[in-house]
Each structure stands twice: as structure tokens, then as C-alpha cells.
């Protein structure tokens with residue numbers, strides 16, 4: 001902190017000198033008579049007194065020449081609006097001081113050293129803190145890391161208050177201290193965390209009836225250009241408010257493998273702001289500040305917030321189950337590029353996602369979906385991209401029947417699927433991921449890279465998954481599948497069509513290093 005602050009001060013040193021000179025001159029003009037060292041300003045440049053309502057300006061009636069009363073009153077109304085918004089939201093914003101304990105296995109660089117000379121007569125490793133005495137042996141050690149972040153109180157039940165924050169702030173915390181807006185410090189307890197959405201819920205107990213709970217707004221109603229405020233504890237400076245606008249909507253990316261879209265803002269967000277709220281002009285929470293894009297590590301006017309509508313239902317899920325419960329379909333999705341879409345026989349510009357692979361035994365499999373299906377609608381809602389589709393499926397209720405509009409082999413069709421709960425063990429069991437790779441068209445770029453003759457027909461094996469049926473059959477990435485069960489295929493559409501007709505067993509003929517090979521057979 002000291003180094004950062006020093007660097008900041010040094011960075012604006014020249015500006016500060018200039019500002020100080022101007023400020024000193026202003027003091028002399030307004031508060032001193034006519035100092036001999038300063039030129040006496042002319043009558044038309046001095047401040048003039050105007051009549052008007054001075055209530056909002058605290059009795060100030062001095063205005064510079066050229067500034068109208070109407071202009072000042074407009075700015076006063078804006079200023080009062082800012083004050084009202086911050087007064088509404090600040091009492092519900094807290095600072096989180098967290099401690100995370102991590103266990104790491106490390107090798108003792110002094111293993112085998114005769115510690116008994118220092119630890120007493122009991123031999124190697126004896127005494128407090130003694131090692132094993134075995135040279136190079138790995139030991140498990142605990143390390144504590146501290147972090148600071150922000151949060152917002154979103155719910156109250158009796159004496160229990162719930163604070164919404166980021167997973168990367170408190171999702172793995174062993175100890176949590178919460179500093180309230182009034183300065184009191186209370187002990188927090190982790191209710192649950194979800195890494196996919198980068199959110200966590202923390203609770204604390206307090207009987208004070210005056211603790212403010214934030215109002216959650218509607219993030220679907222925001223638009224680019226809307227005025228927003230980012231609230232939190234950047235670099236440990238509690239109750240900090242910055243203002244900006246919504247710069248963009250529907251952004252993707254950020255650290256980790258999150259599934260959120262994000263609200264982008266130019267309101268200053270720095271380290272320590274994570275978990276704090278983004279609010280609109282009504283003081284309603286529309287997002288949870290999560291991350292920034294920066295080349296310096298500090299704010300450069302590109303900050304990102306998780307839309308509050310993405311996580312509203314998760315608050316109750318945390319309270320009831322200690323986790324977020326996701327609906328599960330059981331497909332591996334691909335954002336198909338133009339070449340793949342064309343190879344599937346789908347009209348150019350058709351929005352949707354490709355179900356490139358299906359988990360055997362999953363809701364998708366049982367509901368009739370097949371690898372190669374192109375999903376265009378879910379429950380009547382247009383599918384725009386993979387991330388949106390994943391979020392919408394995850395938000396489906398366990399046991400709910402969902403309706404999917406899709407295109408298979410160029411033919412539109414509709415299927416109903418009963419959604420089950422997402423289970424990480426099943427999701428990561430690639431032995432049931434069929435076929436276990438993503439087929440891609442043999443474009444000119446692919447042919448050039450692999451030095452394929454124009455006469456070669458088939459599909460490129462991409463992303464061959466280890467432990468999947470494809471791996472068991474012996475397929476490798478960059479193989480060219482030229483036939484399925486002895487039926488030749490020349491496009492992605494043909495590949496999926498032939499694959500869909502197989503019900504008992506499947507094998508592939510592949511071109512690898514100039515030779516045609518047959519894989520082992522996979523039986524369903």
C-alpha cells in the first residue's frame with residue numbers, strides 16, 4: 001500500500017504543484033485584500049453576487065461571471081441526486097476481511113540434517129517443529145492467506161443477515177470478519193460459494209433492527225449509457241463510491257471458467273471492490289462487481305459486474321442447500337463457426353448452438369437429442385450463444401420439462417426433455433461423452449495445414465477427449481474420419497447423419513499419416 005501510494009503521489013507531483021499555485025492565488029484573491037505580489041483582478045472578472053435560492057448551496061450566493069443561477073441549480077439537483085443514491089446504498093455495503101488456509105505439500109530442503117543436535121536426545125525430528133529427518137521427503141504444511149473484498153447485504157431473516165459477494169473473495173474462506181458501515185466488526189460465516197458464477201453468500205448475526213438491506217433491481221432493464229455507481233472498499237478504503245456509465249452489455253471473459261455475461265462500466269473499480277454492488281440511479285443493486293481489464297493492475301475504466309438477475313435465485317439456493325443447484329441437459333456445446341454451420345446444411349446467419357457431443361444416459365440422450373443437433377430455441381426463447389444457453393439450462397428447475405427447437409440434418413424439429421440436477425462427478429465422466437470428439441469440415445486452411453490432397457473426403461477429428469469412447473477406439477486429434485461403419489462421409493452433416501443411425505456398435509475408418517486405419521468397435 002505504501003509503495004502504491006507513493007507511486008501515485010509521485011505520478012501527480014507536477015499536477016499538484018500547478019494546482020497548489022492556482023489554489024494559493026485564489027485564496028489571496030478571495031480572502032486577502034490586494035496582495036502586492038498579485039495583480040488586482042478587474043471588475044468584470046471578479047466573482048459577482050447574485051440573488052437566488054441559496055438553500056441547496058448552503059447559503060452560497062457568489063457565482064463567477066458567466067455562470068447562471070439556472071446552471072448552478074441544475075448541478076445542485078444532480079449533486080443532491082448523487083447524495084440520495086449513495087445515502088440509500090452505503091449502509092448496506094460491507095467490507096470483508098477473509099483468511100483462507102491452504103495445505104501444500106513441500107519438500108524439506110534440510111531433510112536428513114542431524115536435528116537431534118538441536119532438538120534434544122530423542123533423535124531426528126524430535127522437539128517442537130522438528131521435521132521427519134528423511135532427506136527430501138514431502139511434508140504437508142498449512143499456509144494462511146489474507147484477503148480484502150466487499151459485499152452487500154441482500155437479505156435478513158430475524159437476526160441473520162446475508163451478504164452477497166464474489167467466490168474469489170470469500171468462497172474458500174476459513175475465517176471471515178465483516179466490517180459494517182457504522183464501523184462495527186462482526187464475525188461472518190460462509191453459507192456457500194459457486195465458482196461457475198463467481199458468487200458466494202456469507203451470513204452474520206446481529207439484532208440491530210437498523211441494519212440496512214439493499215434493494216435488488218432488474219439488470220435486464222439496464223441499457224448502455226445508463227448512469228451507475230460502483231460501491232465498495234478499493235485498496236481498503238471503505239465506503240468508496242465511484243460513478244460512471246454502462247459502457248457495454250453481454251461481455252464475456254474474465255478469470256476462471258465462469259458462465260456469466262457481464263455489465264461493462266467505466267466507473268472506477270480497483271482491488272477490494274470485488275463483491276461490492278453496482279447500483280443504478282434509484283439506489284438498486286443491478287450487479288456485483290467482479291473484475292477489471294487492466295495493463296497496470298489498477299482501474300483503466302474497463303470494469304465488469306455480474307448482472308444481479310443472474311444470481312437472484314441463487315441466494316435462496318445457498319440458504320437452503322449451501323450451494324447453487326443447476327439444471328443439467330447433458331450435452332457438449334460448440335459455438336459453430338460459419339464453415340461448420342454451412343457444413344451442417346443450416347442457413348447462414350441462423351443463431352443457435354451445436355450439441356456436438358451427448359452424454360450417454362443423460363436427459364438429452366433420454367429425450368432424443370443426438371450429436372449434431374443445432375439448438376435454436378429453449379422454451380420459446382431464441383438461443384443467442386453458448387454462454388446464454390448454458391445459463392438458461394442451468395436456471396431450469398430440477399424435474400422441469402424443457403422444450404427445445406432444433407435443426408437436425410437441415411430439418412426443423414421439437415423435443416421435450418426432463419431436466420435433472422447437474423452432478424460434477426457425472427459431468428466430468430468422459431467415458432460417457434459420445435462420440436468424444438468434435439468433427440470439423442475440411443476447409444482449405446485445414447487441408448493446407450495437414451497437406452491433404454483435394455481428393456480426400458471426410459471430417460477432421462478435433463478435441464479428442466481422453467477416456468472418452470473416441471479415446472478407447474484409438475482416435476486422435478488431427479485424424480481424418482473418412483467412413484462410419486463402412487459408410488463414407490464427406491461433410492459434418494453426413495457424419496452426424498450416419499452416426500445417428502447406429503444403435504448397437506460404431507467404428508471409424510480414419511486417415512492418419514497417409515494410411516487408412518480402422519478403429520476398434522464401440523458397443524452401446
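The backbone N, Cα and C atoms fix where each Cβ goes, glycine too.
The annotation in TrEMBL ties 168, 272, 273, 274 to substrate, and of the candidates under consideration, 198, 206, 208, 314, the one tied to the same site is 198. Residues 121-141 are the range that TrEMBL records as region 'Disordered', among 121-141, 142-162, 226-246, 247-267. A simple way to gauge crowding: the CB of residue 273 (substrate binding site) has 30 other CB atoms within 10 angstroms, across all the protein chains here.
Long-range C-beta contacts of residue 274 (substrate binding site), restricted to its own chain and to partners at least six residues apart, with a cutoff below 8 Å, comprise 149, 150, 165, 166, 168, 169, 232, 289, 290, 291. Less than 8 angstroms from the CB of residue 272 (substrate binding site) sit 148, 149, 150, 232, 233, 234, 235, 236, 237, each of them six or more residues away in the same chain. Mean pLDDT for the domain 'PDZ' (318-388) in the predicted structure: 93. Close to residue 198 (substrate binding site) in the fold, though at least 6 residues off in sequence, lie 166, 167, 168, 254, 256, 258, 260, 290, 306, each with a CB less than 8 Å from its CB. Listed in chain order, the extra residues whose Cβ falls within 8 Å of the Cβ center of the substrate site residues 168, 198, 272, 273, 274 are 149, 150, 165, 166, 169, 271, 275, 276, 289, 290, 291. The Cβ neighbour count for residue 168 (substrate binding site), using a 10 Å radius and every protein chain shown, is 22.
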